[in-house]
Amino acid sequence: MGVKAALPRYEIYLYTAVLCMALLWTASWIFEVSRANVNRKTFKASVKDGWYYFGRKVDMADTEWVMWFLNFRCHILFALSGHVIFAKICSMLAPKHRSIMYTAYGMMAIFTSMGWTYVTLVLSHCVLLYSISLVKIKWLCFVAGLTSLATFKIEPFVTWQEGFVTGSFQLQGLLFYGGCGFTIMRCMSFALENCEKNEGNYSFLELLKYNFYLPFFYFGPVMTFDKFHVQVNNPDLIRKEREMWNIIAWAVGHLGIIITVDVLFHFMYILTIPSDLKLVKQLTDWTLAGLAYSNLVFDWVKATVMFGVINTVSKLDHLDPPKPPKCITMLYVFAETHFDRGINDWLCKYVYDYLGGNHDNIWNELVATVCTFSVTALWLGPCQIVCVWAFLNCFGLNFEFWLAKFFSLEPFASIEMAMSEAMSRRIRAVFNAFNFWAIILYNVLALNSLDFARLVARRLLLRGFPLSTLSVLIVTYCGIQLIKERERKQALLLDPDPVLTPEPTPIPASTPSPTTTPTPSPKAVAVDAPGKEDAGKEKAE
């Protein structure tokens with residue numbers, strides 16, 4: 001059945017009311033737990049003084065959020081502001097050579113913050129992978145790239161390379177791993193694209209332009225070389241209508257998100273509570289479900305803001321960066337579960353789609369997903385939590401594919417064709433509700449701990465059965481239906497059904513023909529075109 005199946009309006013209103021009441025109820029439980037345990041001993045390490053005049057403390061358990069938006073925001077804003085000013089001057093004076101100017105500023109900023117030994121280390125990996133790319137053997141480039149990536153993820157190579165970086169800058173450790181990791185991914189993309197080049201090779205200067213573009217260097221996202229090369233060397237710098245207004249609105253929106261998160265952290269300690277397992281065991285089932293869900297929502301918000309700020313700067317440079325991650329609330333299939341569209345596009349292009357082909361064969365799909373999550377585990381750093389996370393998500397993606405194949409057989413296909421589209425949508429939403437919580441549980445262990453994820457699963461599936469289990473699934477079902485309704489409206493905007501006009505009634509010859517005004521044909525409203533994840537969702541459904 002298609003995604004355009006509609007439900008009665010009163011049914012959508014009922015789902016909206018149930019979901020809103022459940023979210024407010026769960027938020028009130030989390031707020032009460034935060035208020036009652038604010039002075040708990042285990043909270044002292046992460047709950048710090050916040051609004052002095054209101055007597056509120058703030059949750060500062062997430063080190064990345066505190067680092068980017070509290071401790072080092074001035075350093076980051078200074079570096080990015082300098083890039084914006086420098087890029088604007090270059091775009092006005094020498095638009096054809098702006099890519100070289102970006103590289104010069106990026107290398108100067110990296111040299112200033114990390115030192116010449118770090119720049120030399122990054123250049124050595126670039127030279128190594130560039131030299132191997134000249135052979136134009138894909139598997140050799142891939143093996144060399146993964147080996148270089150492993151040297152930044154596996155001991156004793158990590159400690160040995162860290163010794164080359166000198167200085168006592170507090171942000172230096174994180175910048176080291178971020179810059180080196182993204183460098184290897186970019187160099188692999190360059191090497192693989194160079195293998196695809198029919199005549200000659202890309203120059204080493206093109207690799208330097210690609211790698212040392214400052215907004216992407218430390219923080220990502222990864223834009224594949226073929227896209228970056230075309231966009232950064234485009235001399236046409238004319239902006240579209242209202243493009244600057246959209247960029248400003250985008251930046252203001254992210255500022256609003258940062259302020260909203262800061263306000264919420266003063267009232268709900270969603271990051272600190274899961275770390276205290278003694279307290280977590282005393283919470284209700286609904287509070288545990290709300291904590292697991294809110295932790296994933298915050299991780300999405302953090303990724304959206306971090307990539308959004310960088311993407312705003314790159315849009316000012318006339319680039320089209322990868323889109324921000326899709327909200328976790330909108331995900332009910334494993335094919336769309338990713339928090340970094342840049343890495344996701346990279347993996348899809350060079351691993352998943354390359355090995356999986358048209359994603360119709362079960363064996364090819366299994367090989368493609370195993371290889372994809374193996375590379376992802378190496379990118380994140382192989383450890384127990386990462387390996388468990390990779391295995392569960394790989395299994396979920398394949399199990400989703402196996403079920404789709406199974407239910408496409410007879411007699412299930414005939415049964416679904418015999419029922420109405422609305423009923424088919426309701427039945428699918430029931431299965432999607434189970435899938436949604438599988439995604440939540442599989443990914444929350446990577447954010448908190450394996451013990452917390454195991455505790456949530458045990459409470460919702462075993463101890464809370466049947467009351468808590470069924471109530472949570474009913475609320476999730478309502479949310480899935482609202483997501484499907486939003487997707488239905490987007491599908492109608494992308495491809496509206498043709499309006500069938502009835503044949504005109506013949507007019508007698510003695511009667512004068514009335515003057516008719518032609519009705520304009522409906523036009524599709526411009527929205528984001530569906531990508532690989534949308535195709536994966538259709539396949540999974």
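Heads up, the Cβ atoms here are built off N, Cα and C, so glycines get one too.
Automatic prediction, not curation, is the source of TrEMBL annotations.
Feature annotation (TrEMBL): of 208-228, 397-417, 460-480, the stretch labelled transmembrane segment is 460-480. Counting Cβ pairs closer than 8 Å and at least 6 residues apart in sequence, the transmembrane segment (99-121) and the transmembrane segment (65-87) reach three or more and so form a contact.
Residues 27, 30-31, 34, 37-38, 43, 46-47, 50-51, 54, 56-62, 65, 69, 291, 294-295, 298, 301, 304-305, 308-309, 311-312, 315 of the same chain sit 6 or more residues outside the transmembrane segment (248-271) yet have a Cβ under 8 Å from a Cβ within it. Sequence-distant contacts of the transmembrane segment (460-480), counting only residues of its own chain at least 6 positions beyond either end whose CB sits under 8 Å from a CB of the stretch, comprise 14-16, 18-19, 22, 285-286, 288-289, 329, 332, 429-430, 432-434, 436-437. Only residues 6 or more beyond the boundaries of the transmembrane segment (127-152), in the same chain, are considered here, and those with a CB under 8 A from a CB of the stretch are 158, 161, 177, 180-181, 184-185, 187-188, 190-192, 194-195, 201, 204, 207, 350, 375, 378-379.
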